[in-house]
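Single-structure report; data block below.
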Amino acid sequence: MIKNLPLVIILGFYVLIFTEGCGRTPSQPSPPVTTPGPNENSTIPENHRLSCTENETYQTACLNGGSCFATYVEYRTIQCACPKKYVGDRCQMIDPTIIFGRENEEKVTKAGLAAGLTALILFLTVLIFILIWHRRYKRRKDREKQNKEEQRIQYNNGDLNNGNYK
């Protein structure tokens, strides 16, 4: 069994790596990090913001407490800065991560648990096969050793050739 110890250690190491890796990484990429504005509610960074005109504010019609702002990079673009709970061009939709965020976390946890259990079962199966092979190997060697010992005893007693060795 000591001969197989490095193999068992290596397999155990890889099982830990695979099971830990499955539980840590989410199945979907995380949303981009944004810097909050001065009101700490917006999801759009404050860089290069300009005030909207009255006509632009009316035209954009931000909903759910969103505020109009304009940016000027080659041409003027009007957008809504949404509070943290809302997304969309006009802040018209509730942020799906609020509703479905827990479900995704639960799915990742369940997937990690399933992968870990599968890896454990695979590891135990391989370990059982190694133990069975080692036992059979040891029995065969013991039989060979016993047969050689019996042959040596028979040879020493003169019974090697049908018991008539003289």
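Cβ from N, Cα, C; glycine included.
Per TrEMBL, compositional bias 'Basic and acidic residues' is recorded for 143-152.
The compositional bias 'Polar residues' feature in TrEMBL is assigned to 153-166.
A coil conformation is recorded for Cys91 (disulfide bond) in the three-state DSSP classification, outside any helix or strand. The Cβ of Cys91 (disulfide bond) lies under 8 Å from the Cβ of Cys62, Leu63, Asn64, Gly65, Gly66, Cys80, Cys82, Pro83, each of which sits 6+ residues away along the same chain. The disulfide bond annotation in TrEMBL covers Cys82-Cys91.
Among the features that TrEMBL reports, domain 'EGF-like' is placed at 48-92.
Taken from TrEMBL, the feature region 'Disordered' covers 25-46 (among others).
Feature annotation from TrEMBL assigns region 'Disordered' to 141-166 (among others).
Taken from TrEMBL, the feature signal peptide applies to 1-21.
As annotated by TrEMBL, transmembrane segment applies to 111-133.
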Discussion item. Based on DSSP, tally up the residues of the compositional bias 'Basic and acidic residues' (143-152) by helix, strand and coil.
Written reply: 10 helix, 0 strand, 0 coil
Worksheet item: Roughly where does the domain 'EGF-like' (48-92) sit in mean pLDDT, to the nearest integer?
Response: 86
